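Database features (TrEMBL):
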type	residues	note
TRANSMEM	17-39	transmembrane segment
TRANSMEM	51-71	transmembrane segment
TRANSMEM	91-115	transmembrane segment
TRANSMEM	122-139	transmembrane segment
TRANSMEM	151-175	transmembrane segment
DOMAIN	316-403	domain 'Histidine kinase/HSP90-like ATPase'
Amino acid sequence: MSRPAHVPRRPGPLHPVTAAVCGLVAIGLLLVLPAAAATDPSFGPMPRTGSAGWWVIAAVLVAQAVAVAWVGRFPTTVLPGLAALPLVMAWAVPSAAFSLTAVAELAGVFLAVVARPPRRRWVAPAATALLLATAHFLNEVRSGASDPAPAVVSGLLQALVVVGLPLLLGLVVVAQRDAHDARRHEVQALRREQDALLQAAVSQQRVAMSRELHDIAAHHISGIALMAAAIDRQIDADPAAARRSAGQIREQSSAVLDDLRRLVGLLREGADATRPVETLDAVTALVEARRAAGAAIDLVVPAGNPAVGPLAQLVAYRMVQESLANAAAHAPGARCAVEVGEPRDGRLTITVRNGAPAEPDPGPGGGFGLVGMAERAQLVGADLTYGRTRDGGWEVRLTLPVEDPLSTIRPPAPLPEAPA
């Protein structure tokens, strides 16, 4: 297994302003410290201003300030170098001015901690603390301390303060930065999730709209095709009947336009969905409209209104509508039968069948009508079956639950493959 390619880390920033401030503060204190040491012997040994020792101390402080400018870019190497420079001062010019080296150390540790990734953030501060404690001990011993034990303790305390305080402050800043980054990534993830949900909703609306367009077009256009075929047969033998069929074609054309306008109106913002929902009672009117167009359809419906919810009734109506449209398209002239059964064992069965086509099938359909029927059936917990009959015809059977369909809504399952 190959390892992922190494991604180079972006160099950290330079800090020239911080370096300049550290240098000015340290040199300013170095200028006043000899005068204070001259009036207070407790300061310890201190070289005179302008002496060789004083210039060595000034050079070390300036070198530390320059190192601070680069510690953010190369913290692993520059930060220990900041602590190594006081070793030179402690060996060459041990004095009370050694404490001035803490100015650059405080800034350097903070910048290094902020700059390093978490897994390497402790290396440079640990090395710096060790070097700083050693340099302080060396300065105390070279300054004439008779007992090394207090020098060791004071060295450890200075290392703890000079390294520990900026280390803690840097870790707080890093934690806040990481929390901010985590919140930013969370917001981005939520936005991506919202975009995905929006795309899914748009896709569902597209599917629903395409299904409705298919139902509207298939129902009306198949009726128009039947009436056009009737006109072709009647135009010479029965002109009056042909004119009536032409009028029915105009009515069907107007109906499909009205349905399309109504569908577009529902998609507009603020539109009022005033169109009544089709129910099982409307199946009779649907069949009568087909009969008026010249189709031979037998209808069997029970007396009374079955205890089926409105959504399930809409599913049943669409199933009958689509099945009759398919019969007109694939078996023109074949006799059809629509049967709405009696509720039995909590189920209601609606069957639509047609005989074998009198002429060869004009061509395979896209299968979208069957897919739409199956999707609707799954929505209300119904079962849909379809297939050829023994006499070469086609049968579609929908079995609905006789109960509130909202209590039986279930997620879609894999659909049966539609015939070509």
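Heads up, the Cβ atoms here are built off N, Cα and C, so glycines get one too.
Please treat TrEMBL annotations as automatic predictions, because they have not gone through curation.
The model shown is predicted, which means the values in this text are computed figures rather than measured ones.
For the transmembrane segment (151-175), same-chain residues at least 6 beyond its ends with a Cβ under 8 Å from one of its own Cβ atoms are 99, 102, 105-107, 109-114, 118, 121, 125, 128-130, 132-137, 140-141, 145.
With respect to Cβ pairs under 8 Å, the transmembrane segment (91-115) is most closely packed against 51-71, considering the stretches 17-39, 51-71, 122-139. In the predicted model, the domain 'Histidine kinase/HSP90-like ATPase' (316-403) has a mean pLDDT of 85. Residues 45-49, 54, 57-58, 61-62, 64-69, 96-97, 100-101, 103-104, 107, 111 of the same chain sit 6 or more residues outside the transmembrane segment (17-39) yet have a Cβ under 8 Å from a Cβ within it.
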